[in-house]
Amino acid sequence: MATTRYTSNDLRRQVGSPRSKGRENKDTLCRNVLIYGHCRYEDQGCSFNHNQDKSSSPQADFGSKKTFNVESPSFTPSTQSQPTKKSTFSSQAASAAPFTPRGVSSESSQQSVLDIAESNKGFSAAPTLPQNSEATLLNPATIREFTPQNYDVGTTTSGNVVAQDNGVYNDPFTMGSITSTLPSTGQFNPYAAGDHGAMGGSGATFYPQHGAFSAAPLQPPNYHLYTPFDSHRQDLLPWQRATYDFFIPDKLREELQKKMFATQQTLPGSRLPQFHHWHSLVPLDTTGRKNTSSFDYPSWMYKAQNSKTGRHYALRRLEGFRLTNENPIITVMKAWKTIKNANIVTVHEAFTTREFGDSSLIFAYDYHPLSKTLQEQHFQPVQGARQRGPTLIPENVLWSYICQITNALRTIHNNDLAARCIELGKVIVSEKNRIRLAACSILDVVQFETNARSIQELQQEDLVKFGKVILSLATSTPTNHLTNLTVSLATVASRYSANFKEAVAWLISPPAPGETKSIGPFIGGIASQMTNYFDLALLQNDEEQAYLAKELENGRIARIMMKLSTINEHPDFAGQPNWSETGDRYQLKLFRDYVFHQVDAEGKPALSIGHMVRALNKLDASTDEAVLLTSRDNETVFVPTYRELRQMFDRAFNELVKNSQNGAPGSS
């Protein structure tokens, strides 16, 4: 390891002085005499002339010239003419006290300027400032502070100092004068399935029997504060990278953060009950209307947290259901708990409760935050019960829906079960074009004693409902408005391919007499589309694997940074007062400065993320590349390799770990 030290004496020898000049010239007037009036090297061998005549030029005879010394008075002009240039301070004024405008009166400001001018006597012949020029001096007392118009300053001050519980940044100016002119809206629902980026909208009033929201709605995080703009990729060279190339895409990161934010949200002042091991219930329905068309009982959806597992679940409640026998729940749940499929929302348990003021049946499902139903995704409600059809859905999207529902039905039917709830309002979209059946097993419990149909008939009904859902999406018509299937199929034939039309027609057509339809032959008929969808799923998996690899590297860097932070600037440890400043730890401190505290040639901070990532990765990989480490005073230089730094790093951290485990004094 090479170490080079530079001292201040080395630098001083490189600076010249009048006595170090090699030229002997008795006729040349010394430069120090011209500037300062005297030369402190006159008695130490300065070879220049130190006599100056006021009335003669430097080339005149110096025999009769008077000698200037320290006691010589400074030059003061007899009359001061009006200056044509701005008065400037000399270099000696740099040691003056810093200017502080607030709390300083005009008299003290003027006196400080006069003091600086007085201190310049003997150093510069620049004219002094006039003592009575009040107009040219800064008077902070006469400056009015900026006050925005149409805002209440008193309210603004109090609003800035109040801390927000959710940590959301608020506008520094109050909006009372603006919001008072806005029209009143309905009760706000912060947990609607819509875009959480527009959470300032209005929503319906939910569950008046449980009480209205008693607190102001929460706002989502300001994602725009740390989402960078896309860079012009054509301006980057092949080996150059933008900052976000080291991380997952901004859109994916923002989507995941929104889902986490929605999962952790609670309902302030909620009157919803807590029962068994379920708490923090939040309503998920976007309307307050009771709907009994699916299960013959009014149903509601809630988000709740399980105190046993700590996870969040979606609870579907059937209002007013009376269970006379526990056998249906035990039998049905035993069968459905074994169903594991990527296109089916897993059901975990079912139970009854009276905590809502009635006899309710509760089903607990996996919770997928910010999910929408196919009804909400493709049919937007307008003025109550009216529906508005969407624009034409691309055929590849419909094929992806068909492939996913087919995959779910194959698993269900192979286990001698039936979905029975294939509707636009019971199929959720959790990610882009990713759908799941969300209400399985409910009708099996509700109609356990009244159902007289066989499992084959129920599976036939699944295929018909499946075809009507796809037909509804393809024709932009709600399912209950599909009165003429022949006309609807003709519409499909005019919009999509013949293969798509034949697949939908096979699903909705009744089977031939004496025959039964099953999901197996249908899979064979759409094998080419299933293959295409499978290929797209693999490509998406490769893309997500690449994102995961980026985050894996970021995880390695995070561990290195945390360990390095425990070593740098560590206080007294194991009886050593300056443990982090001695031995190998000192070089690790210099390495920290090399990675995070670099500056450019002009002294500006160099904030290159690529340099930080590259240096930390080399340290983690223990490469043999040498690195130049310089102390802050530039007097000490080390040239270790990354392998040597990693060895120092491991020794220092293991020492901390050893003392921490043994409980030695000074351990952390």
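Positions of Cβ are set from backbone N, Cα and C atoms, glycine also.
Per TrEMBL, region 'Disordered' is recorded for 1-25 (among others).
Annotated zinc finger per TrEMBL: 24-53, in sequence order.
Look at TrEMBL and you will find 24-53 tagged as domain 'C3H1-type'.
Annotation source TrEMBL lists region 'Disordered' at 50-112 (among others).
The feature compositional bias 'Polar residues' is assigned by TrEMBL to 50-59 (among others).
Here TrEMBL flags 72-84 as compositional bias 'Low complexity'.
Look at TrEMBL and you will find 85-94 (among others) tagged as compositional bias 'Polar residues'.
Residues or ranges marked as compositional bias 'Polar residues' by TrEMBL: 103-112 (among others).
Per TrEMBL, ATP binding site is recorded for ARG316, ASP366, TYR367, HIS368, PRO369, LEU370, SER371, LYS372, THR373, GLY425, LYS426.
Remote same-chain residues near the coiled coil (528-566) are listed as 246-249, 252, 399-400, 402-404, 406, 499, 588, 592, 613, 616-617, 619-620, 649, 653, 656, 668 (criterion: CB distance under 8 Å, separation of at least six residues from the stretch ends). Under the heading coiled coil, TrEMBL lists 528-566.
According to TrEMBL, the feature region 'Knob domain' maps to 567-668.
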Let me know the largest Cα to Cα distance in Å among the ATP-binding residues ARG316, ASP366, TYR367, HIS368, PRO369, LEU370, SER371, LYS372, THR373, GLY425, LYS426, as an integer.
17
Could you give the number of helix, strand and coil residues in the region 'Knob domain' (567-668) as assigned by DSSP?
51 helix, 12 strand, 39 coil
